[in-house]
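Asks: Have a look at this one.
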Amino acid sequence: MSVVDRQEWDVVVVGAGGAGLRAAIEARERGARTAVICKSLFGKAHTVMAEGGIAAAMGNVNPHDSWQVHFRDTLRGGKFLNQWRMAELHAREAPDRVWELETWGALFDRTDDGRISQRNFGGHEYPRLAHVGDRTGLELIRTLQQKIVALQQEDKKETGDYESRLKVFQECTVTQVLKDGDRVSGVFAYERESGRFFVLEAPAVVIATGGIGKSFKVTSNSWEYTGDGHALALLAGGHLLNMEFVQFHPTGMVWPPSVKGILVTESVRGDGGVLRNSDGKRFMFDYIPDVFKEKYAESEEEGDRWYEDPDHNRRPPELLPRDEVARAINAEVKAGRGSPHGGVFLDVSTRMSAEVIRRRLPSMYHQFKELADVDITAEAMEVGPTCHYVMGGVAVDSDTAAARGVPGLFAAGEVAGGMHGSNRLGGNSLSDLLVFGRRAGLHAAHYAAGTAGRPRVDDAQVATAAAEALRPFSAEGPATGEGQTHPPENPYALHQELQQTMNDLVGIIRRESEMEQALKKLAELRARARRAGIEGHRQFNPGWHLALDLRNMLLVSECVARAALERTESRGGHTREDFPTMNRTWRCVNLLCRLTDPGGPQAASDPVRGQITLSRETTDPIRPDLLALFEKEELVKYLAEEELCA
Ligand code: FAD
């Protein structure tokens, strides 16, 4: 095997979305030599697609807002399963992170008196989302990139080299976190264009790789979302927390088929859009769950008045948390009251002038015009649920973002679990990226500075990682029995089967028998994926890249299915038809997945031999001063008897 290039860094950040870039900026500012590595082009991360805004209790539009109200909304949205300390840090620190972005050059939309404007979103009591039209993620990434370039210019002045302290490796994919004993020692990666392998050695690695949506057939997620970071953490010995919680956003496009799943931002409803069924009825009034009854309008008139006078009216039920709205749409379609292409109608055309729609929702206007030939200023959109976000993720320490059980590994952003409990509120991801991206960078830099002696990268591990990455080039199908072999498996066909399985059997509404069927199918796919073969060479070969991504998608999908089968209740992004209600005793239970290793050390790079094992742990009791932010009558709906008495 050819020698694999190696470089030494203090901190390696895997992922250049909002979380990764914010982590890298912080690590570099704390003096750590920092490398960022990302599978797409620099600036093309999934975060760019974020539309609606960043949730932060700045109180610019309604002065009653505060971090305490934001914390309360986040816990209600997550049905009290959130890692409460994360939710507290997030609510307290989000405003500073938004103001900081502004000092770095972000141009947010303004209020009439010149402050950062904030819009309404589902589950948020007050207008809270700082935004840039419906292109907020683009501005966020542009600003963070600009900050990185500014830091590189400083470094050039001091050292003569732009990349001496902060370097971006774009279009490079990490396939393995390397370890020296228990500790992290770096990452193994390949360059997508050339297929060249290389190693970045570092005592601290921050995983910021985003989500898992590409394991599902209908999704708003981009091609990068193959659960790589989740799988990298599992393979490195980390734990995945509460993977059963997958968010199905209520409003994805349903037509034409080629664009099915693409997101229709929640700002459409935040700005006044309403949902109707085929009878023209605003059906969400029929789906307000008891726990939310006091907070939502009883009539269309009251809901409509709320947009003008939110202090004296309750919000319309179109702005319930996403899980509630997605289930309601699903139920309407199932009851035969859906739109012609299997969704429901989302209408802004009768609610706002064409000029206002084009100004406030420019991307939505163009998206529907260009992709579906629908003019949303004149007609309703057809929408339905789409797999959007994963609440489950790498189990981390709330304050430091350190991954549990793997010294030197950190995780932030969508790949990290805990912050959002069983369901994320819209806008809380972008703020999560900034708050915990910063914390991960800070603590990774501290950790790297404090390690006694650099960890050693083991040649044997590098050789195993390289052999594993090359396997698809020599894969063979099973023996025919006549001394020959069948052709290898096609990675694209395997991917399609996986997506169909997850969509049909572990989707928005789940049943025991279907999830058991899914687990059987996933085991079969895992064995077949080991025989996935490709043609051609290592230079930009998408079939090869997919064959490698399959390992990650299959591991993560199995975690989702196992945890979903185990949790016998419905909560947030996990709905069981056979256990349709939320069960208070499950509030105290976290489900953790690990890859156990019956095959010895080799199995770490050969996950088909490893096994996903699931364990339960009791959640930390919520700190009393935080519980005191809620009325006792509300807590009774969520907390078990013992917790209320404690
Ligand atoms: P990402 O931005 O996805 O970045 C992941 C990075 O990891 C990428 O650079 C990728 O190349 C890299 N990567 C992945 N695997 C590897 C690997 N193996 N090796 C190297 N690099 C790798 N949230 C909100 O709060 N507000 C919104 O308005 C909003 N709108 C949204 C609209 C859409 C259409 C979608 C899909 C999501 C939206 N979200 C929104 C959610 C939010 O955008 C994401 O949760 C968030 O951007 C995730 O950021 P991240 O930094 O964790 O990951």
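Cβ from N, Cα, C; glycine included.
Keep in mind that TrEMBL annotations are predicted by a computer and have not been checked by a curator.
So TrEMBL has the following annotated:
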{"type": "COILED", "residues": "508-535", "note": "coiled coil"}
{"type": "DOMAIN", "residues": "10-430", "note": "domain 'FAD-dependent oxidoreductase 2 FAD-binding'"}
{"type": "REGION", "residues": "472-491", "note": "region 'Disordered'"}
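A description of the local structural setting of each listed feature is requested, covering burial, neighbours and distances.
Replies: Mean pLDDT, taken over the domain 'FAD-dependent oxidoreductase 2 FAD-binding' (10-430), works out to 95 on the 0 to 100 scale.
Within its own chain, the region 'Disordered' (472-491) is flanked in space by residues 528-534, 538, 543-544, 546-548, 550, which lie at least six positions past its ends and keep a Cβ under 8 Å from the stretch.
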Asks: Restricting to the same chain and to residues at least six past its boundaries, which positions have a Cβ under 8 Å from a Cβ of the coiled coil (508-535)?
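Replies: Non-local partners: 248, 326-327, 330, 385, 471-478, 487-491, 494, 497-498, 501-502, 541, 543-544, 547, 550-551, 554, 557-558, 561-562, 564-565, 574-578, 607-608.
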Asks: According to DSSP, how is the region 'Disordered' (472-491) divided among helix, strand and coil residues?
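Replies: Its residues fall into 4 helix, 3 strand, 13 coil.
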